[in-house]
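Beneath this line is the structure, given in structure tokens, with notes to follow.
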Amino acid sequence: MLLVLVADSCVIRIRGVVSGSNDKAIIMIMTHRLIEVMFRVLPTQELVNGDNDKAIITTHSLALPGVTMQSHIIVSKYYCPTLEQETVEDVLKKILVNDLSEEDKSLLEDIIEILHRPEYVSENSIQYASPTRTTLDCVICRSAFRTAIQGLKAGQTEEELTNVISTLCITLGIAGYGVCKGAVSLNIPIISYIVKNEPQATAEAFCGFVLQNVGNPNNCPFDDQRFEWEVTLPAPPAVEAVPVFETKPLTIAIITDAHLDPLYEAFGVADCDEPVCCRIGQRPASNYIYKSHIDESVVAESLTNVSGEIKLNLNVAPKIRELRKKSQTRFSKRHTAPAGYWGDYRNCDSPIWAFDDVIDRIAETHKNIDVLYYIGDTIDHGVWETSYELINDMNRYLIEKIRKTFGDEVQVIPVLGNHESQPTNQFAPSRVIGDHLNTTWLYEGLVDKWGFYLTEDSKRTLLERGEFSQLVRPGLRVIVLNNNVAYRYNWWLVYDPLDAKKHLDWLVEELYKAEIAGEKVHILAHIPPGVHDLTYTWTREYNKIVNRFTNTIAAEFNGHTHSDEFKVFYNQQGTPINVAWGGGSATSYTFYNLNYKIATINTRTFEPLNIVNYAYNLTEANLTPNRRPHWFQLYDMKNTFGLTDLSAVSMNDLVYKMVTTNKEYLEKYAAFYSKLSDTRWPNCNINCKLDNLCKIVVTVLWERQRCEELRQLYSVS
């Protein structure tokens, strides 16, 4: 007799002999055995045979009055509704070696239904994902990385891995064909090197950083003690140094994030089928918009937590499959507006002529500029098709345009952004020297391009680590810190976690030398502290450094976010001690207006006396492509917000006024955050405004107590 019982789609085949006339008793026995098998509580079972796919269990005779049964129970793990992550990885490994059975293929279809993303991956889709989507992304990421790691260790070629991972990327809806193929091809050689040369490189670490979330430390978490390190801080000198300064006025122009796109096509396709648009040769997006009709509760059903282990519930796959069929709503041609001449609010980088206008406008309008800080990110966001030639050309163009416009009398201090490397975001330790692996090629190129502005000592450290320290005038030292090494998308973090520590150790050395010499310091670093883009350990240790050298650090300047913001640092007693100023962006990428800033500096303390921001409205500028944009003063920090000065105490007071006595300041800050963007500013609700405010007071990742305090104060005042 063969009887198949089904419970929750987990098929248990029971073969055996059953005798007796009590039908109810027979069903009771078999149901009992089925439940025992499903919950793995068969105290009398004996494993008599098995392989990777199934276990054959012999049970002892069972009896009830009038009924006897002797049976073999065959349990195939592929029929169970809850699928362990190991099984997902087993299937992916079979794809790698082209060894999928028909049963595997059927299973794979269900896995893909559950894991398939509702939209292409973007920064917002990761940061604002639901807990269920976050967990599914973690499963995808870990499974893909484990498959790649095991494949490399088993002798799979980089080409084979590239083909499989690219296919998964496309099939799971992570990105389109060109983006998946290009990005994977560029990054696989680095991942391959790391896996082959660092035994402790794990899928958990890779994915923990990629999916790192600003508000949740348990977002795809991992435990790797290699990342738990601390910097050593020297004691303050016994005798305080006499400050050095000169009284000549000091005015600094601040520019960041140019993101030059040599392929920008004015009046081209701004609504395309790639992550970055407005580029020559792109196609318009498809004539339908994918709108998911799959409720979050249905997706949540696809996950089960068994004793802390996440499993996929394949029962839900048919339901998701049916709902997904209803999720494509087709429209006639979209008729979206073409790309603007001076840039575009949509996902477009800067045309070179728009950057030229920024530089020309500063030189024409502000005749008293002494120093120019450029805080990095010269290269566009087409991360799947960058090249060494493109990067070299754009880096050279930017610095030559600045020097030609301002002449040799204006000191320029350039900073390295995360987009300058090849592939994007990858900054290898200096001991890594292989072709298509090292970052030395970039540092060598920048020494050549930036050399006019650098001392010999600065050239040496730039060549070694991508950072440098030098005096810009008596009493003021600028330290350019390469914190891209601690960026969460830098695979080399997993290879050598202590490489990032070396950069902070160097920062401590330079600050200590400045302290002894009586100098004040401006720190320039591309990525601001406290955001999800830097590792927790880095932000914690950097915060310690700022606390220790708060009397030496006169100001900090960052870029990267494209938004206009600032950050306040606090000591252990909660006293505000320092301010980091965001530069905004000279690109409109992700819905911003372009801007630059002019800072006037106190020549005794070297703290900013005032910072004035200038911008233009992109909508207005694009109405007249034959005329240069109309720049205007966006705000004067000191006077617009009624400040006596720009000290950390004053900026902290302003933040608390925004949620208590002067909520109109919160409205102003929200407007200036996007530089009066026509697309961002009107769509920023109160939660958005408070989120932006929270970024000011969080300088250590995940330490959000002040953020919650601000929210509470707003709600009760």
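Glycine residues also receive a Cβ, built from the backbone N, Cα and C atoms like all the rest.
Disulfide pairing as given by TrEMBL: among Cys169, Cys207, Cys180 connects to Cys169.
Around the Cβ of Cys278 (disulfide bond), the same chain contributes Asp261, Tyr264, Glu265, Gly268, Val269, Ala270, Cys272, Ala339, Asp344, Arg346, Cys348, Asp349, each under 8 angstroms and 6 or more positions distant in sequence. Counting every protein chain shown, the number of other Cβ atoms lying within 10 Å of the Cβ of His562 (Zn(2+) 1 binding site) is 25. Using a 10 Å Cβ-Cβ cutoff, Cys277 (disulfide bond) registers 23 neighbours. The disulfide-bonded residues listed here (Cys169, Cys180, Cys277, Cys684, Cys688) include no residue with a Cα within 10 A of the Cα of Asp257 (Zn(2+) 1 binding site).
Rounded to a whole value, the Cα-Cα separation of Cys277 (disulfide bond) and His560 (Zn(2+) 2 binding site) is 20 Å. Counting every protein chain shown, the number of other Cβ atoms lying within 10 Å of the Cβ of Cys688 (disulfide bond) is 14. Neighbours of the Zn(2+) 1 site: apart from Asp257, His259, Asp377, His562, residues of the same chain with C-beta atoms within 8 angstroms of the site's C-beta centroid are Thr256, Ala258, Gly417, His419, Gly559, His560, Ser585, Ala586, Thr587, Tyr589. With every protein chain in view, the residue among the disulfide-bonded residues Cys169, Cys180, Cys272, Cys348, Cys684 whose Cβ has the most Cβ partners within 10 Å turns out to be Cys348.
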